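> First the structure, which I've put down as structure tokens, then a few questions once you've had a look.
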Amino acid sequence: MRSRCWSRKLKSGIRMPRSIASSKPSGSTRNGPAPFESPPKRRLTIYHSYAVLGLKPGVPESDIKNTYRKKSLLIHPDKTKNPLAPDAFDRLKKAQTELMDEKHRQTLDEAIADARMLLIRENKWTVDSPELKTPEFERQWADKTKMVLIDNEQRRRRQLKAQMQEEGREQRKQDEEIEQRKRKRQHEEDWEKTRDQRIDSWRAFQKGKSGDGEKKKKKKLKPIG
């Protein structure tokens, strides 16, 4: 019961239209709502993997697999002509994949636990307060979980952006250093290529200078007669 309440209160937008709910594949049984509604248009949309599958945190992997199998039969694109089927099926598959990933599931569980603790602190409750057993708390917990997940995602994006900017600065710095070394190497190569030319020019200059000196010297020694 709490599992159905949890998924309903999370407002994940995961519902099966009546026209589709009645068209079940042969041999299958309906097992709760299926993800058949277009995602809401907003700046940041967070899909709660547990809510997509209609599960409670802490369920065993076998429940995740069984629930995914049953729901996927209801909305598989090959089983219905509903144009939203491919997107809904992809969302369901993504939720199952994320929950089967131990690292991702742990992160999600931590976010849900953080949301619960924040609610308790904000309302000055204790873990034994009777308010925690009410449907209203389930709704507040679902809303707070959504806020925590969005905050975490925004923080992740900011960190990624900062990392990319830092990597960009490092890349530009490396490019500049490479360009400087390239210019220095080219300068040294050009200097070496013109070495003989510079030597010949210097010798010609010295020779011309020496010839002018001899002429001046002879001119000074010309006898008077």
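Note: Cβ is positioned from N, Cα and C throughout, glycine not excepted.
As the structure is a computational prediction, the values presented were derived from the model and not from experiment.
So TrEMBL lists the following for this protein:
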type: COMPBIAS; residues: 1-12; note: compositional bias 'Basic residues'
type: COMPBIAS; residues: 20-31; note: compositional bias 'Polar residues'
type: COMPBIAS; residues: 164-175; note: compositional bias 'Basic and acidic residues'
type: COMPBIAS; residues: 186-201; note: compositional bias 'Basic and acidic residues'
type: COMPBIAS; residues: 216-225; note: compositional bias 'Basic residues'
type: DOMAIN; residues: 48-112; note: domain 'J'
type: REGION; residues: 1-41; note: region 'Disordered'
type: REGION; residues: 157-225; note: region 'Disordered'
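Situate these features within the shown structure.
Taken through DSSP, the compositional bias 'Basic and acidic residues' (164-175) splits into 12 helix, 0 strand, 0 coil.
Per-residue confidence over the domain 'J' (48-112) averages 92 (mean pLDDT, predicted model).
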> Could you count the residues of the domain 'J' (48-112) that DSSP puts in helix, in strand and in coil?
47 helix, 0 strand, 18 coil
